Amino acid sequence: MARAERSVLLRLENISKEFPGVKALSNVHFDLRSGEVHAVCGENGAGKSTLMKIISGVYQPSEGTILHKGEKVQYASPLQSEAAGIAIIHQELNLVPHLSVAENIYLAREPRRGFLVDRKKLRLDAKRCLDRLGVDINPDQLVRSLSVAQCQMVEIAKALSLDAEVLIMDEPTSSLTEQETRLLFKVIRDLKASGVGIVYISHRLDEMAEIVDRVTILRDGRYISTDDFASITVDDIVTRMVGRSLEDKFPERTSRPTDDILFSVEGLTRNGVFSDVSFSLRRGEILGFAGLMGAGRTEVARAIFGADPLDAGKIVFNGRELSIGSPQDAIEEGIAYLSEDRKSDGLAIKMSVAANTTLANLGEVSNRFGLIDFKKHDDVAKRYVDLLNIRTPSIDQTVRLLSGGNQQKIIIGKWLFRQSRVLFFDEPTRGIDVGAKFAIYKIMDELAAQGIGVILISSELPEILGLTDRIAVFHQGRITGVLETAKTNQEEIMRYASGYGRAAQ
């Protein structure tokens, strides 16, 4: 379909949104045409999520106009926007694990025969939606048994079952492998060809060129620009997003590790998961864990932290062998783990900034009767908000309302207050923007400069190469090589990650 022939599905004019004490959006413009992918880019806190919530009826604008196919509308709820053909696929997928694929696709809209659900029609209708996507998923399969990529396809099928002509996708590739991303992009191209308009939110700017037609950039809640994607470079997008040029993606290291071994493991084994894993971590070192998905990096970190059992091996910290049977044991010894799933494992998402900051060390903010001393409690929270430059209206703000980068900083603050000396960062920049990434990188460098040992688990090789001193490469549950970062490159890391490098000494 030629660009000129595409009809405008959505137009937002002069959209503003105010919350108590905060202007989240100010005079924002946006439009979406049929059969196009229109990306919305901006740092965390730029207003992307607020804009999407206005489109989908979660919020109503304080000012401005929304036109849907030329008609002025204002949706009072997501149910109203869904009924009008607007569907959103959230980064945290919104499915019920113990129900089947078909039941999830038609949840609360099941076809009925009298008072009973028409199971045959439910299954056939769900299969028709899945077939349209070209994916092989059994409609009777329970959602809890699906991969993240398959769950995403179920969400898209659910949108198709609503006859959605506007589809909002929030960080759709953040948890996908490269192969799964290729499949998703094929589905997106097919949806474009059928006339669906897609709003695409992602921090992975490099992959947008494959599917995005236009890009709108927001900064600090304000509209910056809209361009054809082919006419703009990734560097241009980043500069407009952050308001300055980011010539250096990684901070210059301010220190180098000592020769002292702070932490080491020997022969760590968990049967069927990883085997004979040994490595050392020097004082003030950033050690990278690289490898393909499923190589065992996260599993090793979780076992060291006591979250999963070990069948064999030795953990030595400051020259002393540790016995770790639970996360509490690891925390007491000064070992911290920042999970790749920060919302489920790293934060009490419905609690405040202050409560999350002190959660791992409540004894330090309690009086002699074991009751929380709220002055101490709040003083600690304020100290780490200032130290880590956490952007929040107050320490009483609920953490689920903050951006991903600020949530990650709160978790770091929690472990610093606990005086942890070995920190595992598992995919610490997943789903956060380029500006926030740089801030997290700077914090990691500053921790290393204080003599803390940092282990970075990342699927982004430029990140591993830009931050670390050495890199332990995993393949099928084993370390196949430990490489000096200054002397290696992506190609060599991938050889070891694929099992073709020489064995680590």
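First residue shown is number 1, and so on along the chain.
Quick reminder: no glycine exception, Cβ is built from N, Cα and C everywhere.
What Swiss-Prot lists as ATP binding site is Gly42, Glu43, Asn44, Gly45, Ala46, Gly47, Lys48, Ser49. Sequence-distant neighbours of Lys48 (ATP binding site) (same chain, 6+ apart, CB under 8 A from its CB) are Val40, Cys41, Gly42, Ile201, Leu218.
Among the features that Swiss-Prot reports, domain 'ABC transporter 1' is placed at 10-245.
This prediction places the mean pLDDT of the domain 'ABC transporter 2' (256-501) at 91. Residues annotated as domain 'ABC transporter 2' in Swiss-Prot: 256-501.
Of the listed binding-site residues, namely Gly42, Gly45, the sparsest Cβ surroundings within 10 Å are found at Gly45. Less than 8 angstroms from the CB of Ser49 (ATP binding site) sit Asp170, each of them six or more residues away in the same chain.
Secondary structure at Lys48 (ATP binding site), as computed by DSSP, is helix.
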